[in-house]
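Copied over from TrEMBL:
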- 1-22: signal peptide (SIGNAL)
- 135-231: domain 'Ig-like' (DOMAIN)
- 238-333: domain 'Ig-like' (DOMAIN)
- 353-378: transmembrane segment (TRANSMEM)
- 402-627: domain 'TIR' (DOMAIN)
- 486-519: region 'Disordered' (REGION)
- 486-498: compositional bias 'Low complexity' (COMPBIAS)
- 595-614: region 'Disordered' (REGION)
- 595-604: compositional bias 'Basic and acidic residues' (COMPBIAS)
Amino acid sequence: MGLSSTLGVHLFFLGLCGICAGFLQENCTNYKLQFERVFSVPGDVAMLNSTLISPDVFDFASVPHNITWYNSKTGEEMSNQSGQIWVFGETLWFLNVTLDDDGEYVTVVRTPSRCYMQATKLVVELPLPGECGRPQKAYQTLTKGASDTLHCPLSDYINKLDSYKISSSIQWYRGCDPVVDGTGEYIYRDANKLAISGVGSQNNCLYTCTLTFTFGGIVRSVSETIDAAVTDVHSLAPQVREPANDVIKAPMGSNFSKRCLVFVPGVGQPMVDVFWFARGDFIFSTLPSDRVYTSEQRMWSQDDPIQGTWIERMLMISELKEEDFNINYTCQVHSSRGFREGYFTLLQTDPNIILPIGLVLGGVMVLFIISIIVYYIFKVDIVLWFRKAFPVLYTNKDLDGKLYDAYVAYPQPYDFGFSNEVETFALHTLPQVLEQACDYKLFIAGRDCLPGQATVDSIEENIQASRRLLLLYTASTFIRKRHTCSTSSNNNNVSKSGDISDESEREISETSGSMTCDCSDKSSPDTWQQFECMAAMHRALLEGSLKVVLVELEEISPAQLALFPESVRHLRKKQGAVCWWKDLRTRQRWRTCMSRREDEEQGGKDSQWSPSLSPSSKFWKEMRYQMPVRGKRVVYPEKTALLSL
C-alpha cells in the first residue's frame with residue numbers, strides 16, 4: 001500500500017513536470033496557482049474560472065486566442081463529458097463532482113505571439129456528519145435589533161448562468177429547515193439576498209443557500225453555507241454633513257482649509273474610509289510641506305441624540321493659485337454600507353468694494369464736515385468773495401426803486417444814550433468805509449434830513465427808500481426808555497416802548513403831524529430815536545420787508561441786555577449783532593504788538609487802512625456781508641408780469 005502511494009505521487013509529479021515542460025517549450029507566461037480555491041462536495045456543481053481573460057493580461061477583445069484546460073494529474077486536455085464535465089471558454093464546469101475531481105487544473109491561453117498559463121485548485125470535501133451545510137463556511141455578521149441582510153456567496157454562478165441565458169433559483173435554509181419567502185422575519189430580495197427583520201439571538205446560526213438550475217435536461221445544484229454571527233456592533237450608511245454641495249469663495253494667495261465631516265450612525269467603531277478627490281485624482285498627501293494636503297482621519301463618538309461616530313478629514317491649501325479655482329473638491333466616503341460623497345466648488349472672492357466705498361464715503365463725510373467747519377469759520381469771507389466773483393448771479397438792486405443801501409439810526413443829540421463817540425462813528429467812520437471805500441449809499445439821520453420836514457414823514461419815507469436799517473446802539477441807548485420816556489408836542493403824548501404793538505402804532509400816527517426834522521431841536525429828546533426804532537422793528541418783525549442790522553458799539557452785559565426792549569432782544573437773539581467793540585479790542589491787542597517807533601510815526605492816530613477802517617478787517621467784512629448785494633443780473637418787471645399771467 002505504501003509502495004503504491006509513493007509510486008502514484010512520483011507519477012503525478014512526473015506528469016505535472018511533463019505538462020510544465022511542454023508549456024515552457026511554448027514559452028508561456030506562468031501566472032501560477034490562483035489564491036482563491038474552489039470548495040465543493042460530491043454531487044454538487046463546481047465552477048472553475050480562469051482570470052487570464054482580462055485586459056490586465058492581454059487585449060482579448062481584439063487579439064485572437066484559444067483556451068485549453070488541462071488536468072495536472074494526468075496531463076490530459078479537459079474535454080466535454082456528458083453529464084460530468086463541460087468546458088466553455090475560460091470556465092470549466094464539473095456538473096457532478098466526485099472525490100476524484102479534487103486537484104489542480106491548468107488553463108493555457110494561446111495567441112498568435114504569446115502563451116499564458118494559470119492553475120486553479122478544486123478542493124472536494126465530504127459533508128460533516130450531523131450537519132446539513134457545507135464543510136467550508138462563509139462568515140457574515142447580523143446587527144442585533146436592526147433589519148439586516150445575508151448575501152449568498154454564489155453570485156458568480158448566478159452571473160455566469162445569466163450570461164448563458166440559463167435560468168436559476170435560490171432556496172434558503174436555516175440549519176436544515178427551508179426558509180419560506182415572506183414568512184416570519186424572512187424576505188427573499190434580489191437573486192441572492194435574504195432580508196431578516198428584527199435580528200435577534202435566534203438568528204445566530206447556520207444558513208445555506210442552494211442554487212438550482214437545469215442543464216442538459218438534468219437539474220443541477222450548488223450550495224454555500226453562511227455562519228451568521230449576531231453582534232451589537234454595527235454601523236449604518238454614512239452621512240456626509242460637510243461639504244454640502246455648496247460654493248465657497250476665497251481670495252487669491254490666501255491659505256484655505258475645508259473639512260469633510262461624516263456621521264456614521266451605529267454602535268462601535270465603523271470601518272469607513274474618507275478621501276478628498278480633485279482634478280480626477282485622490283489627494284493622499286498628509287505632509288504640510290506640500291501645497292495641497294489633507295489631515296489624518298479623526299474620529300470621535302457620540303451617544304446623544306443619535307448614537308454614532310463622527311469622522312473628520314481636513315483639506316488644506318497653503319497658498320491658493322489660479323489653478324485651484326473653478327473646480328469641484330469632492331469628499332468621498334467608502335464603507336461596507338455604501339458609498340457617499342459631498343463636494344464644494346471653490347471660486348475666487350469678488351473684488352472687495354465695501355472697503356473702497358467705505359473709504360470714499362468716509363472721505364466725503366470728512367470733507368463735508370471740514371467744509372461745514374471751514375464755511376462756519378470763513379462764511380463771511382466766502383460769501384463776499386462769491387459776490388465779487390459772480391455778480392451776475394445776483395439781481396441788480398438799482399432797479400428796485402430804493403434810493404439808499406442803508407438807513408443809519410443812532411441816538412441823536414439830546415437823546416438819552418447820546419455820545420460823541422456814537423455820533424463820530426455814525427457821521428464819519430461809517431461813511432468813510434461803507435460810502436467811500438465800498439461805494440454804498442447811506443441815509444444818516446442828522447446829516448441827510450431835509451430842514452422843516454415832519455419827523456414821522458422823514459423817517460417813514462427814508463426807511464421805505466432804504467434796503468437795510470443800521471441800528472447803532474450802546475449799553476445806555478434803551479435803558480431809560482425801558483422805564484418811561486415821553487415827548488410833548490401840541491399837548492399830545494408819545495408813549496415809548498421796545499415792543500411793537502397796535503397801541504404804539506396809534507401813538508405814532510397821532511404825533512406824525514407835529515414832529516419836524518430838526519437835528520438841533522432840544523425840546524423833543526428821544527423822539528427821533530424812538531420812532532426810528534419802532535418803525536424799524538415794525539417792518540423787520542411784523543412786515544418782514546426790511547432787514548435790520550444791529551451794530552453794537554460797546555460790550556453789553558447780561559444785566560444791561562435784560563433792560564433792552566423785547567423786540568431788540570428778540571432780534572439780537574435771532575440774527576445776532578455786528579460788534580464794533582470786538583474790533584476795537586482786537587485793534588488794541590494788535591497795537592500792543594507794534595513797535596514804539598511805528599506808533600510815534602502815526603501820532604497815535606489810525607491811518608486810512610488801519611485795522612479799524614480797512615474794509616478787509618473782520619468788523620467791516622461783517623458789515624459788508626449784511627449790506628445789500630451789488631448784482632449785475634437785470635430783471636425786467638414787465639417781462640416778469642407777463643410770465644406770471
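Each Cβ is built from the backbone N, Cα and C atoms, and glycine gets one as well.
Caution: TrEMBL annotation is automatic and unverified by curators.
The DSSP breakdown of the domain 'Ig-like' (238-333) into helical (H, G, I), extended (E, B) and coil residues amounts to 3 helix, 56 strand, 37 coil. If you average pLDDT over the domain 'TIR' (402-627) in this model, you get 69. Across the domain 'Ig-like' (135-231), DSSP helix (H, G, I), strand (E, B) and coil residues number 12 helix, 53 strand, 32 coil.
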